[in-house]
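Following: one structure in structure tokens, then a few remarks.
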């Protein structure tokens, strides 16, 4: 009955942080809404805004609910702006777990003692979070490494909270007036995937390797090497990186780092990942970024990445170019063409809504305009028009806000549009014209080479199938005609019989 005990804790938290009223307001009306309003409320925190109380409640419920709040903060298409801003303040910081447990977990996962695995292993962790903690070590071959190890016995705790979230999401969808639009079950399912992805450190290792290949020999970004012989789903061993935290501006200046160049690098790295690679680091907050002595960024923590299809890239390029040209009609038609907008949406209404939220953003010098804010405004419009926002674009918006904030912290005069526009124009130009046609033909050639030899047979089979379908349809039609005829004959026979009997 552990789940019942946990449910009691959650309900008690709702009381303590006065959230029953918030639930009632979301429900709209009805007897359950009235019942919630009648529930006793704690006298504490009564002067705090609802968004603040929700953040404090999630913090008190522990790491899994904190992470859930962080995920919600990236969904301005689902929750109001003030809630998104407040939930973004949630911090995933917990005390480290016992070093003995850490050693046991590593030895169990890698099948050898710590002494055989590492020449040196620092017992005191250098970083700790709700999912894992990190130790510094040295391999017998001499390389300095960082060893990330999952918290022991974490999965049962996560599954218990997730099952309660799924249970709650089902009731939210049934009872709340806004339940279906909020898509609570989809949000919890997305969070479930996000959490389980973070729990698989082999996936993180693969993400690091992919990003490393994409930026091999780059003069802008360093990605640590992965030591796969010392990795499992529970343990990750990567190259140790020395650098200055990107948030330590004073030290960066003292070290002679070119902050203007560094800010430009950040924007260029981001748009290179998006439009060249379609694969981007989606957790680029200052805590995951160091700066090397040679003015390059060092990326850390590869648990969350995003991938983009050519369709996603086209959506982004069209929308950004249209936004900065104030072509709101094109923004509206791009959304309708994407198929993410309900079929009955009128382009004129969507255009007017986009103009209303974006004109205030663009009524300032272009160098001061926030790309992330533009996307956020777009997501706010999406809430009103029931636009289906793709998870990868939400991740992208969150990452873009981080990159912008970081860039302007390094260089307040950073002009993102100046750096981004060449990427957008180059990518759009690359999608049309003879070169693009030739590239697409080359990419599709292997598929056509397989299809063409079997094409006559497939066409013949299709014709036969159509002919057989026509014969089946004709047979069914004939049977129906005969059934109708039989029915009429039966009716006539009954009528004649009745006439004879009445005589």
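In case you wondered, yes, glycine gets a Cβ from its N, Cα and C as well.
Remember, predicted model here, so these are calculated numbers, not experimental data.
The feature active site, proton acceptor is assigned by Swiss-Prot to 283. In sequence order, 301, 303, 304, 399 are the residues near residue 283 (active site, proton acceptor), counting only same-chain partners six or more apart with C-beta under 8 A.
Summarising the annotation, Swiss-Prot assigns ATP binding site to 126, 127, 128, 129, 130, 131, 132, 133, 134, 148 and lists sequence analysis as the type of evidence. In the three-state DSSP scheme, residue 126 (ATP binding site) falls into the coil class. Within the same chain, residues at least 6 positions away in sequence whose Cβ sits under 8 Å from that of residue 126 (ATP binding site) are 134, 135, 136, 146.
Per Swiss-Prot, domain 'Protein kinase' is recorded for 120-491.
According to Swiss-Prot, the feature transmembrane segment maps to 13-35 (among others), an assignment based on sequence analysis.
Positions annotated as transmembrane segment by Swiss-Prot: 485-502 (among others).
Most buried of the binding-site residues 132, 134, judged by other Cβ atoms within 10 Å, is 132.
When other Cβ atoms within 10 Å of the Cβ of residue 128 (ATP binding site) are tallied across all protein chains shown, the result is 16.
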